[in-house]
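> Per Swiss-Prot, the features are:
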type	residues	note
BINDING	Arg23, Glu85, Arg124, Lys456	(6S)-5-formyl-5,6,7,8-tetrahydrofolate binding site
BINDING	Asn230, Thr249, Val251, Thr254	K(+) binding site
BINDING	230-235, 249-255, 274-277	GTP binding site
BINDING	Ser234, Thr255	Mg(2+) binding site
DOMAIN	220-376	domain 'TrmE-type G'
Amino acid sequence: MYVEDTIAAISTAAGEGGVGIVRVSGPDAPSIARRVFRRGSNGDFESHRFYYGSVVDAVTGEAVDEAMAVLMVRPRSYTREDVLEIQCHGGYLVTRRVLELVLAAGARLAEPGEFTRRAFLNGRIDLVQAEAVIDVIRAKTDAALALAQHQRQGRLSQRLDTVMAELRQALALVEAFIDFPEDDIDPAAQDALTVHVRKAAETVGELIAGFDEGRVLREGVAVLIAGKPNVGKSSLLNTLLQEKRAIVTSVPGTTRDIIEEVVNIRGLPLRMIDTAGIRDTEDIVEKEGVRLTLEKIPEADLVLLVIDGSRPLDEDDRMILSALAGKRLILVENKCDLPRAVQIPDELVLMPRVTVSTSRGDGIDELKESIFQTFIHGAAIDSREYVAVSRVRHRDLLSRSTMHLTAFEQGLASGFTLELLAVELRDALAAVGEVTGETTPDDILDVIFDRFCIGK
């Protein structure tokens, strides 16, 4: 339950820095400003104006730090409440001391995400926009940031609003039919009903179809580099990273541990996993590396299967293919700078394949493009118009809405009662409303906002 009290927290990262910010929100923010902040001029704080002065202990009168303070009078603030921000020096101890004085002056310590939760509860943003705030903070690539900013600015919410508008129109028609059962249903009204439902279903379907792309942009993907020893797996990792991260020698079995690094390909964050070469071996340490590799395979979204193009495939290659059965693969034929001796078997002919030379850098751009196109199918992710669902919560609720819309259309065709059809429309509308927060239970809100840091 939302309690209209006053909360406070440090909004900047812990540790040393140039500036530390203590944020206060609630009805007591103006009085707290007067108690803990001393400035040269007298009188009330003017809203949205920065003042220079000192943070003081209200009991002893001691100046704790020189600082800047700004009071933002509601509703023109992040939370739509009175908000005070004190900008002091960024040391760990001084910001903690300023926060303690603010708490002593009447505020309580904010819970994780409570400032953004208040912005949501006070109607400044919807739940999709609130969730986008944490995505902005955690974005690792420009594309992930752009997607998060689009959602924070309300692009996805606008699409969902059009869906709910269509469903409300449809529900209004059905309820009118129910209220006046003695009247024959006008064929034009029934056609309008069908149009409203199909428009809503089409938009929901488009959003669900874009989920996979949205998810990988927000979360990234795990790409495992697999193959037998000495085919160039570590060299491929180094080439993609453009640095010597993994040890490369001519001795088979050099890599015996798992190496993970992040690579950004056109805004797509990749968690690259370099693994030990897979083969039958009696070496105890190498055998442990092979075991770790096999354990990593299930968590990979994509496997780059590296083969040596200068040698024929052998039993080790076939054993690896068997271990990778059912995985999404790109066949990477390395060492194209040497005479080609490999023959691609029929079962691999249709597999995506890129020929590279890690020693010369040949084919690396083509490999990057192939990886990108595996997950992003031509979407203009840098476009101002790009909108995608990126959270499982959103996808599942939209899928539930689709289920009810499908049941509605089937029921309409089968002559179900209007009351039953109205139930399906209400349930479809409620599912979409839960995405934006119109109908979201408090326990779900707790889960969402608990993921935020304190101070946001």
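Glycine too: its Cβ is placed from the backbone N, Cα and C atoms.
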> The record lists Arg23, Glu85, Arg124, Lys456 as binding (6S)-5-formyl-5,6,7,8-tetrahydrofolate. What's the largest Cα to Cα distance among them, in Å, rounded to a whole number?
19
> Nearest of the binding-site residues to Ser234 (Mg(2+) binding site) by CA-CA distance, picking from Arg23, Glu85, Lys456?
Lys456
> Counting across all protein chains present, how many other Cβ atoms fall within 10 Å of the Cβ of Ser234 (Mg(2+) binding site)?
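Taking every protein chain into account, the count is 25.
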> Of the binding-site residues Arg23, Glu85, Arg124, Asn230, Lys456, which sits closest to Ala276 (GTP binding site) by Cα distance?
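In terms of Cα distance, Ala276 (GTP binding site) lies closest to Asn230.
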> Reduced to three states, what secondary structure does DSSP give Glu85 ((6S)-5-formyl-5,6,7,8-tetrahydrofolate binding site)?
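It is in a strand.
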> According to DSSP, collapsed to three classes, what secondary structure does Arg23 ((6S)-5-formyl-5,6,7,8-tetrahydrofolate binding site) have?
strand
> Averaging the per-residue pLDDT over the domain 'TrmE-type G' (220-376), what integer do you get?
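Across the residues of the domain 'TrmE-type G' (220-376) the model's pLDDT averages 81 on the 0 to 100 scale.
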> What is the interatomic distance between the Cα atoms of Arg23 ((6S)-5-formyl-5,6,7,8-tetrahydrofolate binding site) and Asn230 (K(+) binding site), given in whole Å?
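About 56 Å separates the two Cα atoms.
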> Between the binding-site residues Glu85, Lys233, Lys456, whose Cβ has more other Cβ atoms within 10 Å than any of the rest?
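Counting every other Cβ within 10 Å of each candidate, the maximum falls on Lys233.
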> Roughly how many Å separate the Cα of Lys456 ((6S)-5-formyl-5,6,7,8-tetrahydrofolate binding site) from that of Lys233 (GTP binding site), to the nearest whole number?
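Each residue's Cα considered, Lys456 ((6S)-5-formyl-5,6,7,8-tetrahydrofolate binding site) and Lys233 (GTP binding site) end up 42 Å apart.
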> Can you tell me whether DSSP puts Asn230 (K(+) binding site) in helix, strand or coil?
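In three-state terms, Asn230 (K(+) binding site) counts as coil.
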> Which has the fewest other CB atoms in a 10 Å radius around its CB: Arg23, Arg124, the listed binding-site residues?
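Minimum Cβ neighbour count within 10 Å, taken over the binding-site residues Arg23, Arg124, occurs at Arg124.
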